[in-house]
Amino acid sequence: MAARGGAERAAGAGDGRRGQRRHLRPGRVLAALRGPAAPGAGGARAALAAALLWATWALLLAAPAAGRPATTPPAPPPEEAASPAPPASPSPPGPDGDDAASPDNSTDVRAALRLAQAAGENSRFFVCPPPSGATVVRLAPARPCPEYGLGRNYTEGIGVIYKENIAPYTFKAYIYKNVIVTTTWAGSTYAAITNQYTDRVPVGMGEITDLVDKKWRCLSKAEYLRSGRKVVAFDRDDDPWEAPLKPARLSAPGVRGWHTTDDVYTALGSAGLYRTGTSVNCIVEEVEARSVYPYDSFALSTGDIIYMSPFYGLREGAHREHTSYSPERFQQIEGYYKRDMATGRRLKEPVSRNFLRTQHVTVAWDWVPKRKNVCSLAKWREADEMLRDESRGNFRFTARSLSATFVSDSHTFALQNVPLSDCVIEEAEAAVERVYRERYNGTHVLSGSLETYLARGGFVVAFRPMLSNELAKLYLQELARSNGTLEGLFAAAAPKPGPRRARRAAPSAPGGPGAANGPAGDGDAGGRVTTVSSAEFAALQFTYDHIQDHVNTMFSRLATSWCLLQNKERALWAEAAKLNPSAAASAALDRRAAARMLGDAMAVTYCHELGEGRVFIENSMRAPGGVCYSRPPVSFAFGNESEPVEGQLGEDNELLPGRELVEPCTANHKRYFRFGADYVYYENYAYVRRVPLAELEVISTFVDLNLTVLEDREFLPLEVYTRAELADTGLLDYSEIQRRNQLHELRFYDIDRVVKTDGNMAIMRGLANFFQGLGAVGQAVGTVVLGAAGAALSTVSGIASFIANPFGALATGLLVLAGLVAAFLAYRYISRLRSNPMKALYPITTRALKDDARGATAPGEEEEEFDAAKLEQAREMIKYMSLVSAVERQEHKAKKSNKGGPLLATRLTQLALRRRAPPEYQQLPMADVGGA
């Protein structure tokens, strides 16, 4: 029976160990494993040193044995061979040089040697029965190596990438005029400005169309409304006239303006009086206007915000655009010829001109259609070489010129759902045609129509596929054979549109770009595409796809090369099986087996692990007959009760049942054999010691290969800060401040209401116009009449104003009360005067006369008789005295006023004489005269 490993029963002198042939050189194998320092791999110097070393050891070992005859070691007795214990080893010489030793020492040495030569508890040994041919195997033939593909359908084409258009719509607008009112106070030797304010007022639309754009002139008068009343201002407080417009002193790029005057009029009055002067400067300024989506208002570069869409008009459905003003404030003129502001000449091309008059400014701009001038998407990049491939149900558009990859769904995107997106198809088709003419006109043909896809991050990819001329010829040949059409071929390969809806914009802050929607006629009811502010994720996606493609291609090539290498190694395995079939079978089957070749097939038997058997290694490798064992002899048993079996230690702890592996004995014999978990060392075919694994250096033939295929990863856009957060980082929001300030009057006041004046002013204005039409004389007469009427109106207005004042009303009430009291007192006085004039006129005199009369009459005397004549005379005297008093008062008043005095006295005298009865004179007695 052939032993495992290929060792023969009787080897020749030149044979080596088991499994070794003349053409196998261990030095070269070790040199390949360990490098130049391995044994057998050195040069001539290393070989000479090794030869000298072996010669020295041979002389040292041959010297003691030179005096002894060469004897053959006796064969072991049969009874010892049956014992499971190893044969006795020669005892070491005693101290006196004899070979004998004491019985106790011999017993201890034998016990120690027996323990050292026994296998450990964790040792594993295998017993392999000889292959009988019951199981026959063969090597598998070479395999065909597959060519790995990435599994993607690439389509070459031209792409145009669009993003969200966040740029505002800009256009030119024109605004008008300034009014400056200055109040001064004049002193004796100086003048001071006590107040000055500037007000911006609008210009009438008729003045703009008839004067500014026709004659390049402007009136020096301004009419406007303030606090519900109409105000008229004149430049330099003079009559209005048509002033020419002249360029402004300071001009800058994009900022142009024209005006009528440079002076600010300041009026100076008399000393100690205030005087107000007015300046009207007609300013025509060209400004830049900006409007953002949804275009419901626009802002001027002056800070004014107009709450009307710049596309508001009266035709083509533009009246549905947003406006916050009454229709009377807006006017649109078709076929309007405007004037060039730089040269002052009238332009030849007519335009549609919009005019809007607000409270402080008149704005004019050219009306244009909305859909043709604004677009919610803007062209970002053109990719003249774009590849579209399908991966995991998605499309990937790779633009190497941009180093970016965009991922989208496999369905096309309907741009009809995006408001104001008509520009995308037109611009993209024009860009694709231009790129094709410049680069691919002679090498490729366009296939199919323009397709649009919504990529992640809010990018719209317009892709036009194309084919190379060679591939197009193949398609045409295929169509000729199948009688098909080119449209049908491309339609079968093109992606089918699906129910794709536009991605709606993220909720924004109130008043933000996405807070309002425009009219339904422009498609604003659909969703607007919102693009992220950074495209780094597309660059990362391109980088990852590039690395993934490169690594997967490398792995596929490595797998193919591995397959080819396995096919080539199959031939080596076939040859190795002929040299050592058991080792080849064990390596191929991945378990311990014994095998032998049966021609081109192999007989295999599986080895069995020795359970709890005991294995002992013997201390000598010398065999009877002058030969030596090539493998150490062992004895093993299955369990405690089984008979021991003599055998040899095979390779890798294999137990061979017989002892048939022998070789000629050689000098300087040194061998290491694997025994259980350790190694045993033999020198000159005698057991020396057990060698742990740590004392032997390990050389490995394994090459580690740890490969992991990269998984598919898609980078998603991540916004760290939203637009609302970025806009809210500043301390103040200037646009919001302006919006709130200018919305104040619109929110809380009615700027369109006009307070009507009274009829007196209308009458005065009519009289003034009447007298002005009569010439110079009429104007002079009108001035006098209007002055008098104005004085009367002023007096009445002053009285009304005084009464309207709370203090004036109180004073008026007190005056009325005082008048009533005075009237009551006057009424009492008149009543007393009528009843007793003498007492009323001369109360003191009458009282004194009465007292004298009472005192003159003595008590007890009789009163004299009453004289009726005297009483009548007294009455006449009192009457004339009152008349004289009245005449004197009238004359005094007449003298004081220097008119009407004598006339009034004469009339009173005549009146008194007319009513006087003819006098009856009686001559008085002389006694009375003398007594007087």
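In case you wondered, yes, glycine gets a Cβ from its N, Cα and C as well.
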_Selected from CYS375, CYS423, CYS563: Swiss-Prot disulphide partner of CYS145_ = CYS563
*Specify the nearest of the disulfide-bonded residues CYS218, CYS282, CYS375, CYS423, CYS628 to CYS145 (disulfide bond), where nearness means the distance between Cα atoms.*
CYS628
*In Å, rounded, how far does the Cα of CYS282 (disulfide bond) sit from the Cα of CYS628 (disulfide bond)?*
131
*Tell me which residues of the chain lie with their Cβ under 8 angstroms from that of CYS665 (disulfide bond), as long as they are six or more apart in sequence?*
ARG622, GLY626, VAL627, CYS628, TYR685
*Taking the Cβ of CYS282 (disulfide bond) as centre, how many other Cβ atoms lie within 10 Å?*
27
_Candidate nearest CYS218 (disulfide bond) in space, where candidates are the disulfide-bonded residues CYS128, CYS375, CYS423, CYS563, CYS607 and distance is Cα-Cα_ = CYS375
_Please identify which of CYS145, CYS218 has the densest Cβ environment, defined as other Cβ atoms within 10 Å, among these disulfide-bonded residues._
CYS218
*CYS128 (disulfide bond) in three-state DSSP notation*: coil
*Between the Cα atoms of CYS607 (disulfide bond) and CYS423 (disulfide bond), find the distance and write it as a whole number of Å.*
82
_Can you tell me the CA-to-CA distance separating CYS128 (disulfide bond) and CYS563 (disulfide bond), as a whole number of Å?_
33
